[in-house]
Amino acid sequence: NHSSVTEFVLVGFTNLQELLFGIFLLTYITTLVGNLGMIILIRTNSQLHVPMYFFLSHLSLMDICCSSSITPKFLSGLLVERNVISFNGCITQFYFFAVFGTTEAILLAVMAYDRYVAICEPLRYLVAMPHGVCVQLVVGCYAAGSLNALVHTSGLLRLSFCGPNLVNHFYCEMPPLLLLSCSDTWLNKTVMAVCVGFIITISVLAIVVSYSCILLAIWNIRSAEGRHKAFSTCTSHLMVVALFYGSAAFLYLHPFSRHAEDQGKTASVFYTMVTPMLNPFIYSLRNKEVRSTLRR
C-alpha cells in the first residue's frame, strides 16, 4: 500500500446540520430501543422460542450493529466543522458495515425459507427446523458476511490514495472511496458488482421461490381465517425485504458517477438508519404474539 492519504474528510450533509443531528439522534435512539426491546421480548418469553423469532432476534441484532457502525461517527461529524476520519478508521468502518449489511441480506432469505417450511409443512416445522439447524443457518450468514467484507476490504487496501481526500458521503463506503483512488479501480468495481449482484440475486431468488410456494399453499387453504393468519405471518417480512433490498440495490448497482454519489447518500439514509428503525415496529405492530408479550 503506497497511500499518501492518512485521513479522509467525510462531507456528508452540509446544510441544516443542527436539525439533522436532532432527527438522526432520535432515529438512532429509537433503533436501539426498538431492536433491543425486540431481543429482550423474544429471550424472556418462552412462547417465542421458536425458529421464526430466533431469526428475528438476530435480525434485530444486525440492525443494531449495522446502524451503530455508522451513526455515532455521523452524529459527531454534524457537530464539528470538519468531520475527519483516519485511513485505518475508514477501512475498519467499511469492513464492519459490510459484514453486518451482507449478513442481514442473507438472513432475510433464510427467514423466507423458514416461513416456507412453517406454512407449507406445518406438521414437520419443528422437526425440519430444530435449534441446531437454525444456529447453523445463522452462523452461515455471519460467515458469508465476513467473507464478503474481507474480499472488498482487501481490494481497498491494495489501492493507492494520493490525491483528494474529500469523501462525498457521511460514512466510508466503497463507491465514493473508489472515486478518490489514483489506482486502477476496474477490478474493485467488477468484484463489487459481481459479489453484490450474486448475493442480491441468490437471496431474492430464494425469497421469490419461497413465497411462490407459500402463495400456492395459501390458495389451497379453504378458511378465510386460515388464509388471513398465513398472510399476516408473511407481510411483515415482505415489507422489511422491500425496504432493505430496494435501497441496497439502488446504492450498489447504480452507475459510478458524482451525480450518483449525491443520490446514493439519500438511499444510504434509508439503508443504514430508517430501515433498522422501522423493522422492529413492522414486526411488533403486525404480530399478535409480540404485541401480547409486550402488553404483559
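Cβ atoms are placed via backbone N, Cα and C, with glycine included.
Taken from TrEMBL as is:
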TRANSMEM  20-41  transmembrane segment
DOMAIN    34-283  domain 'G-protein coupled receptors family 1 profile'
TRANSMEM  53-74  transmembrane segment
TRANSMEM  94-113  transmembrane segment
TRANSMEM  125-145  transmembrane segment
TRANSMEM  191-218  transmembrane segment
TRANSMEM  230-253  transmembrane segment
TRANSMEM  268-286  transmembrane segment
Give the nonlocal contacts of the transmembrane segment (125-145) in its own chain as ranges (CB under 8 Å, at least six residues past its ends). 50-51, 54-55, 58, 98-104, 106-107, 110, 114, 117-118, 199
As a test: from 20-41, 53-74, 191-218, 268-286, pick the stretch that has the greatest number of Cβ pairs under 8 Å with the transmembrane segment (94-113). 53-74
